[in-house]
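Database features, via TrEMBL:
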| type | residues | note |
| --- | --- | --- |
| DOMAIN | 55-265 | domain 'ABC transmembrane type-1' |
| TRANSMEM | 59-78 | transmembrane segment |
| TRANSMEM | 90-113 | transmembrane segment |
| TRANSMEM | 141-164 | transmembrane segment |
| TRANSMEM | 185-207 | transmembrane segment |
| TRANSMEM | 244-269 | transmembrane segment |
| TRANSMEM | 290-313 | transmembrane segment |
| DOMAIN | 349-542 | domain 'ABC transmembrane type-1' |
| TRANSMEM | 353-375 | transmembrane segment |
| TRANSMEM | 387-409 | transmembrane segment |
| TRANSMEM | 421-444 | transmembrane segment |
| TRANSMEM | 465-490 | transmembrane segment |
| TRANSMEM | 523-544 | transmembrane segment |
Amino acid sequence: MALTVLTLAIAVLFVYPTVMVVVGAFRTSSPGFPGEWSTQAFVDAYTSGETYELLWNSAAYALATTTLSLTLAVFFAWMVTQTNTPGRRFVTPLMIALITLPFLFFGISWAMLGNERVGLLNQLIRMVLPYEEGPINIRSWGGIISVSTLKITAINYMLILGVFRTLDPALREASLIAGVSRRRTFFRIELPILAPVLLALALMGFVRGLESFDVPLLLGGPAGIQVFSTQIYDYLTTSFPPSYAQASALAVLVMVIMLVLVLLMWRFIGKREFTTVGGKGQRIELVDLGAWKFLCTAAIVLYALVALAFPLIQLVLGSLQPEFGVLSASLTLEHYRAIFDSAIVVSALQNTAFIVVVGGFLAVLLAVVVAYIVQRSASKFRWFLEGATWLPWGLPGIVLALGMLWAYLSVPFLRGLFATTWIVMLGLIVVATPIAVRLANAAIAQVHRQLEEAARIHGASQARAAVGIVLRLILPSLLAGWLIVGVIMAGDLAIPVMLSGPESQTVPVVLLQLLDSGQSSQAAAVFCVMLAAMALVLALGALLRAVGSRVIAGGAPKPPAAPAAESGDAPVPARVLEPELTPVLVPTRPSTGGE
């Protein structure tokens, strides 16, 4: 009974909105209003030249960001693991810091930093070079691609770093002994070994590029540059009445493209073997780059400045300037006073905190239940639970928000949820659950079944064994997952900008409004407060996790000797489990069968 209820809840939360996007494309009315069935929206969308221009723009953006970010990620991973570059130890902490920052951070900070007239970077350049305006125009194709690449590079770096660290050094040594140069060895031996992983990441990056919303909206919108997600947003916000059918028809095209790409990625990953680890533990001999190592150090410094230091300086300085963009020795806290005096900003901060705490907890709780059923049960519903919870990963947030509009406004007793904090939280739970499920899967997979079997043999029920053993051991990982999910929810723009009302706005929505109204200094102040809160929560979480790990590791009871003579397996010691990054960010094909 409980499993049936869970399956129905998953269907309503994850599948129903997706189905309603398709249904809505055939309706002539807005959600919740009577109308007729029609295919006119598809005719208008697919016979319009603008649709194919959007397809080209979106594909070009996704391809450019994927190519650049993968190239930079491979370069940094190779430099960190294979060379003697000074300062390489700082690259990984830098990338982790960038991963914790939402895309909104890069879009807003660079919208200010690269402003042609008052941007800090342009002003500094004009002090040295004879330009009257610019020279950097961040609201352009080059700006959108470059800013997106900064974030995506960090993600790809963390995914590929482990592969570089486990490359078998014997292969390289054999090539060098045979007289092949180091450069040819890398391109002819090591790079082909990395090719399957790189192709998988390229497919994943292309999917995420097609979904991108924040940066194209903030930097491309003012320049008239449109991609799928921003055009759907415009259909719903700039026309009156909103063009729901046209937006849904365009969303269906996006969904079909995403489905093909995700299936292709699953098919590719499922048929490949990624064996890069040798059988002998050998120490990797670092490549001496000579004078080139200083150029690599300069690349690290440049990336750190462009991706983190300059944006942070712009936000902090912009929040303290009496007038945004006017360099002055006198600084003020007036903008911080103004935002805390603003009922809208305070309400947004409270809403965001509530959603992060409560919604993050619910997302992780749901993820643990789903992951446990998928891994530890033989239920016929488990393939559906895993596949359904992965569905939002392949959908742009703006499409998911459109589906929720159709889903909840079309049911009379659910219309009361619209424009409330609850529907925003539900939407963000759906968005964050795929990552939370992967975190839970990675943690639960490290707890051997023998521990539960031993408890069951000694009289414990399955629920007691699951809570007392599995949940206890994975608790530190779940705390880390709660923090990760909270960061995702706090920085998401697509869901709240579509579903929130005047009293349920979150910080990203208020930031967008402040920027649109020209209140850049107050927007910078709000973002600084948000970043400070996120840093405080992450630091507190790391402290609690460290303390919890010691308590659990020190107090975990040793499992009773299980009668496992038949299998001959050695008993698995109880230990505190750490979350793994790669299985969190790279989707695996949902299981479809038994054990």
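Quick reminder: no glycine exception, Cβ is built from N, Cα and C everywhere.
Worth saying up front: this structure is predicted, and the values here are computed from it rather than measured.
In summary, the transmembrane segment (421-444) does not lie against the transmembrane segment (59-78): fewer than three C-beta pairs, each 6 or more positions apart in sequence, are under 8 Å. Here the transmembrane segment (141-164) has Cβ contacts under 8 Å with residues 61, 64-66, 68-70, 72-74, 76-78, 80-82, 91-92, 94-96, 98-99, 101, 103, 106-107, 110, 114, 194, 197-198, 201, 205, 208-209, 212, 215-216, 219-220, 225, 274, 276, 303, 306-307, 581-582, 585-586 of the same chain, all six or more residues outside its ends. By the count of Cβ pairs under 8 Å, the stretch nearest in packing to the transmembrane segment (523-544) among 90-113, 290-313, 353-375, 387-409, 465-490 is 465-490. Of the candidate ranges 59-78, 290-313, 387-409, 465-490, 465-490 contributes the most Cβ pairs within a distance under 8 Å of the transmembrane segment (353-375). Sequence-remote contacts of a segment are chain residues at least 6 beyond its ends whose Cβ falls under 8 Å from one of its Cβ atoms, and for the transmembrane segment (90-113) they are 76, 79-80, 119-121, 138-139, 143, 147-148, 150-151, 153-155, 157-158, 161, 212, 214-215, 217-219, 300, 303-304, 307-308, 310-312, 314-315, 318, 324, 487-488, 490-493, 508, 511, 515, 520, 523-524, 527, 531, 534, 538.
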